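Taking it in order: structure first as C-alpha cells, then the write-up.
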Amino acid sequence: MKLSNEYAWIIPLCPLIASCCTGSLSFFFPRVARGFHRLCALLNVFSLAISMFVSLAIFQEQFVKNPIQQYLWIWIPRSTFCVEIGFLVDSLTLVMSLLVTTVGVLVMIYSDSYMCYDRGYTRFYAYLSLFTASMLGLVLSPNLIQLYVFWELVGMCSYLLVGFWFARSSAANACQKAFVTNRIGDFGLLLGILGIYWTTGSFEISELCDRFAKLKEIGFSNPILTNIIAFLLLAGPVAKSAQFPLHVWLPDAMEGPTPISALIHAATMVAAGIFFIARIYGLISTLPLVMQASSWLGGATALLGATLALAQRDLKKGLAYSTMSQLGYMVLALGIGAYQSALFHLVTHAYSKALLFLGAGSVIHSIEKVVGYSPNRSQNMFFMGGLRKYMPITGTTFLLGTLSLSGIPPLACFWSKDEIIHESWLSSLPLGILASGTAGLTAFYMFRIYLLTFEGDFCTIKTDWVDFNHFAPLSISMWGETEGNLSLNQINQNVASVRLGITKNKGFSSSYLANPNGITNVHYDQSLPKPKESSSAMTFSLVMLAIPTTLVGLLGINLIGETANFELSPEWLINPVHFFELSKSFNIYIKILLNSRSSLILSFFGIFFSFIIYKKSYKYFYITKKLVGFTKLVSKFGLLVQSWSLNRGYIDYYYDICFVRNLRSLSKSLSDFDRYGIDGFVNVIGALNFFGGEFIRYGENGRISYYLFIIIFGAILSSVLIFIFLPFP
C-alpha cells in the first residue's frame, strides 16, 4: 500500500524527465548532444529501467489488493466542475505498465545499435522517452480528461516517430496519413467523453460506470442516446487500434524506424485502444447493441488483416497487417464478453509481435548493406531467403515468434488465441467460423514470412542483376555521412539491383506461387557480401523477448477450470514456488491440448500449405499433367489473392476516389473562392481607396486660381443639377 501511494507517480515521471533533458540538449546544444550521444541513450534506458522496477515492486505489492486511486493536485478548480490530476492503480494498470516498461527498455537497448549512425540519434531517444511517458500516463489516468490528454500525446509521438525520416516523402506522407486518420477517431472520442459527462456528471472512471448503470436501471437515460455515446467512445479505439475502416494508416506507419514499429505499432500504442475499451468495459457491457457491433467489427478486421497479409512482399507491412488482424481478435473477444481472454491476448501478442518486429529490423539492418538502403529492396522478402545460416540467433528467435503467433503450444499466443476461438464458437457460429478461419490464415502467412526470409537459399545472389550505374540505390538518413558513403561505395563495387517485374509466361507453371515475383533468369554471383548476424545489443533484446514469448502464456492457464483463462491475480504470480508445483500436473496440460485440437488442426493446415508453396523458394515446383487443371485454378485464385493483398483490398483506392479527391476538389474551390472572391473584394476596395486618394491628392497643388476654378465649376454644376432635377413652382 505504501509503494502504491507514494511512488506510483515516478513511473511516468522518469522517462518524461529523460525526454526533456535529451530533447533540450539536442535542440540547444546539437554538437554536445552528438558528442555525448551514448550518454543520452544511457540516461533514457536508465530512467525507463527505474520505472520498470517501480512498476514491478508495486505489482508485487498491490496486484492482489483493491484498486488505489489518488489525486496529486487540482487542475481546474471550480465549484460545479473540477478536474484533478492523479493516478489509478489496479490490476489492469499494473499489467499495462509492466508491458510498456519491459518492452520499452529492450527496444531502447536495441535502438542503440540500430540507430547508432543516424544523425537524429538523440532526437530519436527524446521522442521514444516522451512516448513511453505518455503511454504510462495514459494507463495510470483515473479520469477521462487526463486519459484524453495522454491519448493525444501518444498520437503526437506516433506522428513524430513515423515521420522521423521526414526527408523521405513517403515517411512525411505516412505520418500525415496516420495523424489525419487518428484525428477522425479522436474527435469521436472527445464527443463521447463530453456526452458521458452530460449524462453522468462525472469524468471519473471509477464512478461513471456505476452511475451509467444506475441511470439505465431507473430508466432515466435515453437508450438511443446512450448507444450513440458508446459508439462515439469506441471511435477512438477503432482508429488507434487500426480497426476497419480506420485501419489504413497502420501499414504506411512502417515508414518509421523498425524499433518504433516494434514498440508503438505492435506492442503498446495500438493496444491503447484495447486498453481503453477494457477500462470502460463496465459501461459498454450494459449495451448489447454496442457489444454485438464490437464483436462483428473485430471479427471483420481480423479476417481482413489476415487476407491482406497473405501476399505482401514488404516484411514490415506483412507484420503490420498481422498486428491489425490480432487486434481484431481482441476487439472480437471484448465484444462477446471474453474480457480476460482479450487482455491475455493483448499481453501475449505484444511480446510476440515485438520480437518479430525487432527480428525484422535485425534482418533489414543486415541485408541493406548488400542490396542497398532503399526500403523497396531491403524490406522485400524476395531479396532474402536462407538468412538463418547467416543470422542464427535472429532466425531462431523469429521462428519462436512465428510459432507463437501461429498458435503452436506451449508458446504464448496459443493459450490466448485458443480461448478466444473457444468463446467465439460459444457466442455465435459465424463469429466462430471467422475466428477459426483467421487462425488458419495466420499460420499460413506467418510461416510464409519466415520461409521466404530465413529458409532456402540467399536469393540476392541468384537474381538477374543490372549495373548500379543505371539503377543507383536510394540512401536514407538512417546512416551518418561517413558510414553511409562507405557503405554505398562498397555496394557500388558490386552488381546492383533486382528486377522486380512480373514476367508473363506462355505456359502455366505453379512456380509462380513459389516464386511470386516472377524471376526466371537466375544469375549466381558469389562475390556479393553476405549478411551477418546483428550486434550483441540487438541480439540481446531478441533473446530477452523470446523468454516471455515462450513462457508468458502459462500465466493464463487456469488449472482448476482446465481452460486457458487469464486470471489477473493468480497466487503463483506472486510466489513462483506455486508455479513449479502446478507445472507438475501434466494430465491437465494434455486435456487442454485435446480441447484445443480443432484450432491446432487449422494452424497445422496453414503451416502445411505454406511449406508446400514457399519451402522451395526460387525453384520450380513441377507437377504432373493430371494436376494441370487443378493447379490452373489454384493459380488464378493465387493471382486474385495477390492482387487483393498488394492493392490493400482496394480500400485505399476507393477512399482516394470517394474522399481524398472530393476533399481536394472542395478545398481547391474554397481556396479559389477565398482568393478571388473574399480577398478579391477586399483588394478592390483597397484599390479604389488608393486611386481615390491619389486623385484627391493632385487637387492639393497650392494654386488659388485652381481652387477658384473648382469652386465656380462646382457651383455651376450644382445649379444645373438643381434646375434639372428639382421642379420650380
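Using N, Cα and C of the backbone, Cβ positions are placed for all residues, glycine too.
What Swiss-Prot records for 39-59 (among others) is transmembrane segment.
For the transmembrane segment (87-107), the list of distant contacts is 4, 8-9, 11, 15, 45, 48-49, 51-52, 55-56, 58-59, 62-63, 67-70, 72, 128, 132, 135-136, 139-142, 205-206, 259, 262-263, 267-268, 271, 275, 278-279, 343, 346-347, 350-351, 354, 358, 541, 544-545, 548, 568-569: same-chain residues at least six beyond its ends, Cβ to Cβ under 8 Å. The annotation transmembrane segment is assigned in Swiss-Prot to 87-107 (among others).
Residues 120, 123-124, 127-128, 130-131, 134-135, 137-138, 141, 174-176, 178-179, 182, 186, 189-190, 193, 205, 236, 240, 252-253, 255-257, 260, 264-265, 269, 272, 276, 279, 476-478 of the same chain sit 6 or more residues outside the transmembrane segment (147-167) yet have a Cβ under 8 Å from a Cβ within it. Annotated transmembrane segment per Swiss-Prot: 147-167 (among others), in sequence order.
Sequence annotations record features per position, and here Swiss-Prot assigns transmembrane segment to 218-238 (among others).
Per Swiss-Prot, transmembrane segment is recorded for 289-311 (among others). For the transmembrane segment (289-311), same-chain residues at least 6 beyond its ends with a Cβ under 8 Å from one of its own Cβ atoms are 227, 230-231, 234, 238, 242-244, 247, 277, 318, 321-337, 424, 427-428, 430-431, 434-435, 437-438, 441-442, 444-445, 448, 516, 638, 641-642, 644-646, 648-649.
The transmembrane segment annotation in Swiss-Prot covers 327-347 (among others). Long-range neighbours of the transmembrane segment (327-347) within the same chain, counting only residues 6 or more positions beyond its ends whose Cβ lies under 8 Å from a Cβ of the stretch, are 92, 95, 99, 237, 241-244, 270-271, 273-275, 277-278, 281, 285, 291-305, 412-413, 415-417, 419-420, 423-424, 427-428, 431, 434-435, 438, 552, 555-556, 564-568.
Annotation comment: Swiss-Prot describes 354-374 (among others) as transmembrane segment.
Through the fold, the transmembrane segment (425-445) approaches residues 295-296, 299-300, 302-303, 306-307, 309-310, 312, 318, 322, 325-326, 328-329, 332, 336-337, 405-407, 417, 598-599, 602-607, 609-610 of its own chain, all at least 6 residues removed from its boundaries and within a Cβ separation under 8 Å. The transmembrane segment annotation in Swiss-Prot covers 425-445 (among others).
According to Swiss-Prot, the transmembrane segment annotation covers 540-560 (among others).
Among the features that Swiss-Prot reports, transmembrane segment is placed at 627-646 (among others).
Positions annotated as transmembrane segment by Swiss-Prot: 676-696 (among others).
Under the heading transmembrane segment, Swiss-Prot lists 708-728 (among others), citing sequence analysis as support.
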